[in-house]
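So that you can see what the record holds, here are the features copied from Swiss-Prot:
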type	residues	note
BINDING	S145	substrate binding site
ACT_SITE	Y168	active site, proton acceptor
Amino acid sequence: MLENKIIFVAGACGRIGKALCKKILQNKGIAILADINENHLSILKTELENEFKKELLSLRLDITSKESLNCAIDQAFEKYSKIDGFVNSSYPVGKDWGKIAYYEASYEQICESLNLHLGGFILASQEFVKFFKKQSYGNIINLSSIMGVFAPKFENYENTTMQSSLEYSVIKAGINHLGAWLAKELFNTNIRVNTLASGGILDNQANIFLEKYRKCCASKGMLDAEDICGTLVFLLSDESKFVTGQTLVVDDGWGL
């Protein structure tokens, strides 16, 4: 589905990013690996090159830096002469992320979370839109979450050390609307923008949480990163050429 398509993946070393890069390569596309962590990036590059017997471009990328974004875009274009799609699966967090409850968080801590994550997604989309306008076409997919679409099921967190972060929900809701706003503003430019809101991704969560979460779903419950990659490939392919401005939910029915 992605033959000869050049796909720039930000956050390539995360669970979803890594799974997506593999899926792109399996579908005969070319994945550009971009991440802020150079050590993880080097490991991923070696792993994928060994598995797929193909030389890949890896780039250090900080989505909160316009200079970093432009440098990465320039390097990608210099190598491939085009970028067909941009997927942002980055997950920038502040030093206190996940450590402080909402009611105890300071203004500065709240702003740090919003600025890094939502601000970074806005900035990255801004720079890729500029590039895609010059190229005369493009495809942007931002990764979001069901937490930006539905209210949390707070009861699932009872008797665990986990919590539902208000900042996270606000960030993801903002990313959803970023996609709709951009898609509408970019009518008649041959640039599509969509958002994928995924259900929870398995990451060694407590069994009590997993059991409660599973009861809210149709068949599996928490998903593996690979479970959402088919939808991402569809959005990156020409099969979805008339899909824009949408937030596609992949959550095994959790939101019902």
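Glycine too: its Cβ is placed from the backbone N, Cα and C atoms.
Note that the structure is a prediction, hence the values are computed from the model and not measured.
Among the listed recorded positions, namely S145, Y168, the Cβ with the most fellow Cβ atoms inside 10 Å is that of S145. When secondary structure is read from DSSP and collapsed to three states, Y168 (active site, proton acceptor) falls in the helix class. Between the alpha carbons (Cα) of Y168 (active site, proton acceptor) and the residue listed as 'substrate binding site' lies a span of roughly 9 Å. Following the DSSP three-state reduction, the secondary structure of the residue listed as 'substrate binding site' is strand.
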